[in-house]
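Read the structure below first, then the notes.
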Amino acid sequence: MTLSLFDQFMSPWHLGIPLLAISLVLPWVLFPTPTSRWLNNRMLTFQSWFIARFTQQTFLPLNVGGHKWALLLTSLMVFLITLNMLGLLPYTFTPTTQLSLNLGLAVPLWLATVVIGMRNQPTAALGHLLPEGTPTPLIPVLIIIETISLFIRPVALGVRLTANLTAGHLLIQLVSMAVLVLLPMMPVVAVLTAMLLLMLTLLEIAVAMIQAYVFVLLLSLYLQENV
């Protein structure tokens, strides 16, 4: 029986119990927790430095009202990076390849930014639907287009993260299958393909980090428009 290449993206089950919840909780167990000592180890120091730098770069353009989201968005970014990186290990499952999970993260956070804008500054929030200086005949068309683009934002967030990770995993699997097939017939070509696989794996590590950063960065931009 030939298995589909997309079987690796199926949510794992064991004894009739879905393991998706365990895969979502596991990343938090892997992070070292701060201690009460004055001197920390290198891992804690690097973790604190990374979180501080990310928070500074992401929330620098936002005003004071948007700084309340710092803890939430920073935790989300670390969470997504960890899930994406763990999914690159052999015999593991990547929860962020599930569109339902990504939409479950994107839709509530996007909706929260819209609600905040409507509550705090409804005039400015509605003003984004109609650019200044628009000719009168184009006003209804532009309002419809901007409204559609507003509701497409969470879908684009979820689909972007899902598509990039799914494509990367599929490409890695295809190249690794090619290495196994070519190894007994053409060892030299198999070695060159294995080098390509190594470079592709390094690229996927970068993609895993970049996509998590882009997901949170776009949320911060949506928040910037509404605070």
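Note that the numbers count up from 1, one per residue, in the order the chain is shown.
A Cβ is built for glycine as well, from the same backbone N, Cα and C atoms used for every other residue.
Annotations in TrEMBL come from automatic prediction, not curation.
Fair warning: this is a prediction, and the values are worked out from it, not measured in the lab.
The transmembrane segment feature in TrEMBL is assigned to 12-31 (among others).
Positions annotated as transmembrane segment by TrEMBL: 69-89 (among others).
For the transmembrane segment (101-118), same-chain residues at least 6 beyond its ends with a Cβ under 8 Å from one of its own Cβ atoms are 20, 24, 76, 95, 124-126, 150, 153-155, 157-159, 161-162, 215, 219, 222-223, 225-227. Here TrEMBL flags 101-118 (among others) as transmembrane segment.
Residues 99, 102-103, 105-107, 110-111, 114, 128-131, 215, 218-219, 222 of the same chain lie 6+ residues outside the transmembrane segment (138-159) yet bring a C-beta within less than 8 angstroms of a C-beta in it. If you look up TrEMBL, you'll see 138-159 (among others) marked as transmembrane segment.
Taken from TrEMBL, the feature transmembrane segment covers 171-199 (among others).
Tertiary proximity for the transmembrane segment (205-223) is limited to same-chain residues at least six positions away from its ends with a CB under 8 Å from its CB atoms, namely 54, 58-59, 62, 66, 69, 73-74, 76-77, 80-81, 84-85, 87-88, 105-106, 109-110, 113-114, 116, 153, 157, 160-161, 164-165, 168. As annotated by TrEMBL, transmembrane segment applies to 205-223 (among others).
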Taking a Cβ cut-off under 8 Å, which residues six or more beyond the ends of the transmembrane segment (69-89) line up next to it in the same chain?
23-24, 26-28, 30-31, 51, 54-55, 58-59, 95-97, 105, 109, 161, 165, 169, 201, 204-205, 208-209, 211-213, 215-216, 219-220, 223
